[in-house]
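Only one structure is covered here, and it is reproduced in the block below.
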Amino acid sequence: PNFGASLHILKVEIGGDGQSTDGTEPSHMHYENDENYFRGYEWWLMKEAKKRNPEIKLIGLPWTFPAWIGKGENWPYDYPDVTVYYIVSWILGAKQYHDLDIDYVGIWNERSFNSKYIKLLRYTLDKHGLQQVRIVASDRLWEPISFALLLDPELHRVVDVIGAHYPGTETVPNAILTQKKLWSSEDFSTFNDEIGAGCWARILNQNYVNGNMTSTIAWNLVASYYEELPFGRCGLMTAQEPWSGHYRVEAPIWITAHTTQFTQPGWSYLQVDGHLEGGGSFVALTDGLGNLTIIIETMSHNHSQCIRPLLPHFNVSPQRATFHLKGSFYMLKTLEVWYSRLGFESAQSTFFQQLHPVKVWRGSFSLDLNVDEVYTLTTLKTGKKCICPDPPPSQPFPSNYKDDFNIRNPPFSEAPNFADQTGVFEYFINTSDPGDHVFTLRQVVVQRPITWISDADQTISIIGNFNWYNFTVTCDIYIEQPRDGGVFIAGRVDNGGIYVRSTKGIFFWVFADGTYRVTGDLAGEEILMKGLSGVRANTWHTLTLNIQGTSAWGLLNGYSLWENVTVTKPSSGWAAIGTRSFEFAQFDNFHVE
């Protein structure tokens with residue numbers, strides 16, 4: 001609080017082992033008989049957030065679900081008791097293992113809701129003493145959830161918040177008729193330059209002014225994923241070089257502070273029109289104890305376009321705005337002033353600068369507003385712009401990178417810098433192997449999850465620098481599935497995230513039936529070379545893939561297996577490892593140079 005973004009709310013994915021835009025997040029229950037509340041990074045993230053702000057609200061929402069939930073169907077609602085058990089286990093685990101109180105839970109991100117499931121979820125939460133956990137539905141559009149609440153009194157009783165995604169600052173009559181809290185439960189998703197900051201400033205105000213929404217949640221918190229994946233740098237700030245520690249506090253952080261440093265959950269919006277005559281908007285909030293905060297934005301159309309939806313044209317011009325304070329606010333003599341200006345072509349930007357207080361005379365004050373500005377006027381004196389040491393300088397991914405996965409008590413379940421795009425790759429201790437491969441990386445998703453988007457039919461984890469052109473990838477591999485099992489190492493991998501099914505690259509596969517293939521795609525349809533390798537399941541082999549210019553060649557256990565394969569595109573990309581299908585397999589001594 002009172003430092004930087006000073007966020008009020010943190011929404012996390014309830015990992016389900018499936019692709020959710022820029023990668024997969026591991027489930028707390030990969031299989032029916034499996035429970036582990038230490039996978040992935042979300043537990044750590046929630047605890048770090050609570051250390052800094054014990055009052056921050058926490059929300060969980062699933063994008064995907066492990067296969068066993070659907071018993072073979074790509075659908076989470078056929079066995080609602082199973083899905084409820086799974087979600088409530090996550091909430092109970094958060095408390096039991098991390099002392100985290102989850103405040104809100106969602107249904108299924110941007111997919112169908114099911115009334116029977118929502119009612120059973122409420123009943124089961126209550127049965128476990130989780131009355132304080134509120135339900136948000138349905139993280140999609142305003143309809144059909146609003147209509148469903150009006151038609152079904154029991155559903156109306158159990159849903160606390162209607163959450164819509166990318167509402168374009170507008171709501172619908174049915175949503176207002178429900179008299180529920182209305183939230184923009186996912187918004188922003190815009191490249192975090194100054195236009196992204198303009199988008200964020202505009203919707204933070206206008207989601208309430210035009211749409212009665214009292215919460216706006218940005219996807220995403222921090223852009224900590226390879227920038228060439230979908231929606232690169234669409235976070236409030238950027239930290240996409242864990243190998244160097246470099247990060248960037250982007251403009252949207254300071255736009256956030258204009259609202260979050262001077263309001264808190266529990267404050268109320270005052271019922272004012274909120275539209276400025278010359279264009280732009282303002283909101284006013286109070287804690288009910290005499291404090292007042294007014295946030296003004298004058299973002300122009302071309303400097304505040306979000307990624308979606310399309311923004312109809314409007315005009316904003318310089319203007320003098322006069323505000324009249326009534327009731328208990330009439331007695332105020334001064335208001336603190338914080339100011340930002342998005343400079344764009346004309347001048348330097350100014351972010352979150354404290355100006356001289358504005359004098360209030362007989363309940364009135366006037367401000368001269370220019371275009372693309374944000375003002376906060378407030379009775380609070382707690383605002384602060386943090387002064388932090390410079391982060392380490394930016395550096396590309398190391399051009400010579402090794403990981404032997406030899407770590408006895410890893411702080412996380414997954415190896416650093418690997419970005420799983422289908423499947424989940426976890427640290428594994430191989431108790432049956434007394435030799436060189438006790439500590440390995442293992443692919444652990446063995447059935448296709450209930451997907452949110454089109455996961456690949458193969459599993460894949462990417463690593464490295466998207467601009468790599470000539471390189472060598474070496475990795476020890478262990479196929480666990482006899483007969484039809486298989487693994488690959490790859491280079492110049494050009495895609496991931498929601499586009500993972502169409503990933504191209506140079507893929508070197510070996511299979512448990514003793515064959516090998518070289519393909520130009522993850523799907524394995526573009527075959528460049530094939531033959532016999534003698535590889536079998538349940539024994540370790542070393543694969544090496546060399547790519548130089550338009551030529552590629554491969555080694556098995558240090559001996560040449562194939563050579564002189566001509567490769568033209570993609571021209572560059574990441575390194576990768578993966579499996580033929582959803583199957584157990586292990587990897588060790590990964591090296592890329």
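Yeah, the Cβs are placed from backbone N, Cα and C, and that goes for glycine too.
All TrEMBL annotations are machine predictions without curation.
TrEMBL has this to say about the protein:
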type	residues	note
ACT_SITE	Glu110	active site, proton donor/acceptor
ACT_SITE	Glu186	active site, nucleophile
DOMAIN	1-261	domain 'Glycosyl hydrolase family 59 catalytic'
DOMAIN	269-383	domain 'Glycosyl hydrolase family 59 central'
DOMAIN	420-593	domain 'Glycosyl hydrolase family 59 C-terminal lectin'
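Counting every protein chain shown, the Cβ of Glu110 (active site, proton donor/acceptor) has 15 other Cβ atoms within 10 Å.
Across the range of the domain 'Glycosyl hydrolase family 59 central' (269-383), the DSSP-based residue counts are 8 helix, 51 strand, 56 coil. Cβ environment of the residue listed as 'active site, nucleophile': Lys11, Asn109, Asp139, Gly163, His165, Tyr166, Ile217, Trp219 lie under 8 Å away, each six or more residues apart in the same chain. Across the residues of the domain 'Glycosyl hydrolase family 59 catalytic' (1-261), the predicted structure has a mean pLDDT of 98.
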